[in-house]
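Annotation comment: Swiss-Prot describes 1-19 as signal peptide, evidence class sequence analysis. Swiss-Prot lists Asn55, Asn101, Asn418 with the feature N-linked glycosylation site. Sequence annotations record features per position, and here Swiss-Prot assigns disulfide bond to Cys157-Cys171 based on similarity to another entry. Annotation comment: Swiss-Prot describes 241-261, 265-287, 302-322, 465-485 as transmembrane segment, evidence class sequence analysis.
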Amino acid sequence: MRFLLVLQLVFFYFSAATTNSPKKCSRNSINLGKLIDTLLTDYDTHLLPEAEGVNVTIELHVQGVSGISEITGDFSLDVMYSEIWQDPRLSFKHLNVCATNITLKSDFRKKIWTPDTCIINSKSSSIHSSPSENTFVILYENGLVWSNFRLNVKTPCSVNLKMFPFDSLSCEIVLESYSFNTDEVRLMWHDVPITMMEKVELPDFDLIGWSTDHQRLEYPNGIWDRAKVKFTFARRYGFYLFQSYFPTSLTVISSWVGFFFDVRSVSARITLGVSSLLALTFQFGNVLRHLPRVSYIKCLDVWMIFSVIFIFCTLVELAIVCQLNRWERERQIGSKVLGHWLNQIRKTRKKESKADEGGGGGVGGLLRKRIPVLAQLKAAATDSNSGAATAMTTAIQPPNTNLNSITNSDNSKLVANNFTSIEHETYAYEKKRGFSHCFQRFVYAICPPDRDWTITSVQVDRCSMIMFPLSFLIFNVVYWSIYFMKMDRPM
């Protein structure tokens, strides 16, 4: 009796262990066709899985970014898009199938209810087919449906080139349910909404971050859920530093070499300035060729405009130097003429002194002849370029005067006073004839004639050697300080 009791206990133990052990079976033993037919019996694809609406969880797995175009304002990327929802009608836990989930092809998706989500702002999108359509559906035993697509998507980007080439772009992907409002489908992001297969690297941009957002948008026929992800790309400005900023800086600096040339090397300095200006224009046009035509000023535009101004100012400086050099040559010729007729006056005074000793003539004749002599001398000085200096030496003859009626001491004093006041009387004579008398008095009050205000071409060149580099240095400090402070990303 005791032996039978022990056998009964052993039997119950092994039977309980067998019942509690998990089923071990092969997936090949599952008849998926029969299972699908069973699940889809009396299944209506137009009815919601649940009357109170469906919560759809979405996530994106970015495989790579193909490229970004500022001209068209969009970017392309390859992404695996997943959407997950609960459909109790597809639960097969009660069927004692030897699997917790089954993977089905894209054809199965057409036979069940789907949330009909779409990328609402896409310019173009397509499902990869390599070689077959990259779509699958995973069905769990509790009725959880996981649908996945491998897509190539092109969506718009917000392009603002005011900070170019230190700018950043924002590109968005906006997801909505095309057919169902919030009473039927509610979109929500997964706990880990965005994942990257690998680091995104582009020739011109770096992906510096992304962010997700959830919104509700009101349409005339209801309120729709909207899930949005924004990718932020920062431009790599190293290319523009080496292809735009450094060459233009060297072009501006090379235009200053003309300051060290001789003043008479006009053709060489003009060639240098014009060549620098053309090179700068060509560099600027090469950069603009790959950018959209915008009406606002970009960061690079400010640099190029000031570079053109610096080179143009070198040409203006050259024009000023050439004009000053011409005036200097005219003054040199005029000084030679002036020295010649001053010698003539000295000779005339000596002859008058000798004539005084001999007597006769009178002061009146000398005073009457002084003004015509001065007029001839002034005409000769102003017409120096035409060879009037040579003619003057023969045209001007000392006045033939006789001062016998005046004593030698009075005569000498009178002649000295008359000839020392030549410049003042000539100025007074011209002042009566001119129409700008008031302006002349104002200028003489500010710039006294006894001070040397002459500026030479050499002085202008020497001043330019200092002022142009100093101005360009100040511009660089202000330019880089302002735009580096405006940058919204680390260097």
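Using the three backbone atoms N, Cα and C, a Cβ is placed for every residue, glycine included.
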CB contact flag for the transmembrane segment (465-485) and the transmembrane segment (265-287), at least three pairs under 8 A: no
Rounded Cα separation (Å) that holds between Cys157 (disulfide bond) and Asn55 (N-linked glycosylation site): 29
Cβ neighbour count (within 10 Å, all chains shown) around Asn101 (N-linked glycosylation site): 13
Folded-back contacts onto the transmembrane segment (265-287), same chain, C-beta under 8 angstroms, at least six residues removed: 240, 243-244, 247-248, 251-252, 254-255, 257-258, 300, 304, 307-308, 311-312, 314-315, 318, 322
Alpha-carbon distance [Cys171 (disulfide bond); Asn55 (N-linked glycosylation site)] in Å: 26
Alpha-carbon spacing, Asn101 (N-linked glycosylation site) to Cys171 (disulfide bond), which is rounded to whole Å: 36
Number of Cβ atoms other than its own within 10 Å, given for Asn55 (N-linked glycosylation site): 15
Largest tally of Cβ atoms lying within 10 Å of a Cβ, found at which of the disulfide-bonded residues Cys157, Cys171: Cys171
Assigned conformation of Asn101 (N-linked glycosylation site) - DSSP reduced to three states: strand
